[in-house]
Amino acid sequence: MDYPVWQLWGINGGLLVAIISVLHVFVAQFAVGGGFLLVHAATRAERAGSAEATFWVKRFTRFFLLLSMVFGGVSGVGIWVIISLISPAATSLLVHRFVYAWATEWVFFLGEIVALLVYYYGFGKMRFEDHRNVGLLYGLFAYLSLFMINGIITFMLTPGAWMQTQGFWDGFFNPTFWPSLLFRSALCAMLSGLFGLVWASLIDDERARELMTGVTRLWALVPIPFMAVGAWWYIGALPAPQLEMVLRRTADIRPFLEAFPWVLAALMVGGLAFFTRLPSGARVPVAALLLVLGLCQVGTFEWVRETGRRPWIVHGVIWSNGITPEAGAKSDLEGMLKVARWSGVKQVAEANMHEAGRELWQVQCANCHGLGAPMIDILPRIANRPLTGVEALITGQGALQGYMPPFVGTPAERRALATYLVNERDARRH
Amino acid sequence: MEPASLIPLADAMPGPAWWFEILLLLTFVLHLLLMNTVLGGTVIVAVHALRKPASEQGPVRDFATRLPTALALAINLGVPPLLFVQVLYGNFFYTSSVIMALWWLGIVGLVMLAYYGLYIFAINHDELGTRRIAVIVLALLLLVATSFVFSNNMTLMLQPERWLAWFERRDGALLNLGDPTLIPRWLHMLVGSIAIGGLALSLFHVRRASWGAPDAAEGIETGLRWFSHATYAQIALGIWFLMALPRDLMLRFMGGDTLATAAFILGLIGTALALLAARARSVALAVGAAVGTVTVMAVMRASLREGYLAPWAQPQPVNFVETSPLVLFLASAVCGVAAIIWMLRLMRSSRKGA
């Protein structure tokens, strides 16, 4: 409530965050598992004395360089940029509370980049053992950056004892840290295996292809039971409110929740049945399909996690619209327009209901809701309601609609918001 | 509306402000040197691609192959100053970022495209034919645009009185164009980058000369020429920038503030030393003097920021101290740097063996 709100047209902030994050997570997780996979593949190629397989590993490494180092690295900064634009107060909290965790993650990221560059340019130039050790360092650094970011992401979902102590380690090693780490580690390994499987299926030389297919298939398959254990542990570690949010209170995530084990099973069966039975021509499309299923896993998992966190950005600390319960309580007493620094209207009056409502919409709703725009469009939700009905809907926020933060502000402000919404809806009808 | 009432409250920091200022300064200098190498290097490569046939671009063309890697590292080293500026000045920085959100978010795409442009230019140089000129010029424009967006945000965050424009336009499309210091400050950075880019070119060829590369001497010469010319232009631009500053801020460098004045004098000495070293063809000395100059310029920049923000002093929350996370960071930094040195040594020894 301290910051200006970026007024977007045609898309809302939440959707922008989601798009950039999902793209980053796909690529970054694949890169995290990929470090060790590269070393494994290179070692197998060396032992088998297959120059073609070694050449393939080098080309696969270049793919990492171009996709994971650059796209992954820049989109990672992109997440930072977009969350600071959409949720500056929450970003500020995460930065200030975990500055050394971020800084440590940066060190690991730097190590990861240097190791990847040395590994790529060192192919065929270094002693095999040295080259392998550099590859292992790459894998280790990549994994450690996951370790660090995992602490911050899980803190947002389950701050745990931090709520009482405000201590760094209580926040970092929070109730879902370890199950999430297990799940994500397995996910990263599986994704790198699936990416590798597609690439390995394209190798011309039959011996090299079979060799690399064997390696990547192993990486795609072995993590799957660990993912299942991780998911089960994760669910078990969720405190009651988050679990309830995931399981019961949101109807809109049910399809994802129910699809999750099926997608997992499909992956497992597909992976198992894979190479012993398929003709070579069918391998690439099947591998690609498996990869898409794997990405669906990522999408589902992230979606469920985000939903479990509703209606908070940091559970119990900052609501998803960036307002803290303290600022909310103050707004209920004094009026949100007065409390919000960047509101152009400071008080509701008969003459400024629409303008005041627009300010309230921007501060409290626009982060998650579209207004005739994609993602949780508000217009269908108020389509047939009179002004009092829209007001009733707003009153129910945070109680009847527990996945939403409560409306904060005075009754006059609630009426102003309802007026604005009804006006906007009616203007679009004419 | 009072601009002061718009400034969000600062969050408490896990340590004293001076400590984060030091971290910010150190990491910013590293980022600046690499970023200048990429930006200035791309200017040099693009100008050579435009003016000379492919056959005459030997030393610059080899240098161009290193730019994508330098950009990847520059982006990486941009992360810690971005982190520490948020710790110290988040309430100013987030606000200005939202005001110009469209442009600020745009840098993500600009930098990514610039990287791929530099990469395509380096890898497919010969296959591209004359299209390589379009590729490198495009990459350059993307980097220049990024630098302009940065200059806008870094000046806008310091001037809450300019934030009022947001009430007229809330779609994030604003820039800080009304600020008279914007253009000289940006040009000062841009031309400074060309100078550092020239030195980086020379340094690159000093290493190649030690391996006996035939065009290394020409590369060293070309780089020093770019450095000297850009630095002479930089003196004029620096004066323009200084004159464009509000009077009280300008006077900080004229005795008003001891640290700022000392940094200014050291900067002038460093610049003169670097120019003399360049004339004497001593690349190592020129690089040393330039790195020192960039460091004191970063101190001047920090002092200027302090001057800008002085009238907007906010009630500071009580900072807290957390030792063990700091130890984690320092330990990871020591191990990380050790691992990096080890890997680079391996790389070097494998090159020598090859």
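From the backbone N, Cα and C atoms, a Cβ is placed for every residue, glycine too.
Automated prediction, rather than curation, is the source of TrEMBL annotations.
Residues or ranges marked as transmembrane segment in TrEMBL: A:15-42 (among others).
Within the chain, the transmembrane segment (A:63-86) has long-range Cβ neighbours (under 8 A, six or more residues past its boundaries) at 6, 13-14, 16-17, 20-21, 23-24, 27-28, 30-31, 34, 38, 109, 112-113, 116-117, 120, 199, 367. Marked as transmembrane segment by TrEMBL: A:63-86 (among others).
Annotated transmembrane segment per TrEMBL: A:106-123 (among others), in sequence order.
Residues of the same chain lying 6 or more positions beyond the ends of the transmembrane segment (A:135-162) and with a Cβ under 8 Å from any Cβ of it are 28-29, 31-32, 34-36, 38-39, 42, 94, 98, 101-102, 104-105, 108-109, 111-112, 115-116, 119, 170-177, 180-181, 184-185, 188, 237-239, 242, 305, 308-309, 312-317. Per TrEMBL, the feature transmembrane segment maps to A:135-162 (among others).
For the transmembrane segment (A:182-203), the list of distant contacts is 26, 29-34, 36-37, 41, 52-53, 56, 60, 63, 143, 146, 150, 209, 212-213, 215-224, 226-227, 229-231, 233-234, 267, 274, 280, 283-284, 287-288, 290-291, 294-295, 297-298, 301: same-chain residues at least six beyond its ends, Cβ to Cβ under 8 Å. The feature transmembrane segment is assigned by TrEMBL to A:182-203 (among others).
Annotated transmembrane segment per TrEMBL: A:215-235 (among others), in sequence order. Listed by sequence, the residues of this chain that lie at least six past the ends of the transmembrane segment (A:215-235) yet keep a Cβ under 8 A from its Cβ atoms are 33, 37, 40-41, 44, 176, 178-180, 182-187, 189-190, 192-194, 196-197, 199-200, 243, 246, 260, 264, 267-268, 271-272, 274-275, 290, 294, 297, 301.
Annotation comment: TrEMBL describes A:255-275 (among others) as transmembrane segment.
The feature transmembrane segment is assigned by TrEMBL to A:287-304 (among others). Beyond the transmembrane segment (A:287-304), the same-chain residues lying 6 or more positions past its ends with a Cβ under 8 Å from any Cβ of the stretch are 21-22, 25-26, 29, 183, 187, 190-191, 194-195, 197-198, 201, 220, 227, 231, 246, 253, 256-257, 259-260, 263-264, 266-267, 270-271, 274.
Positions annotated as domain 'Cytochrome c' by TrEMBL: A:355-421.
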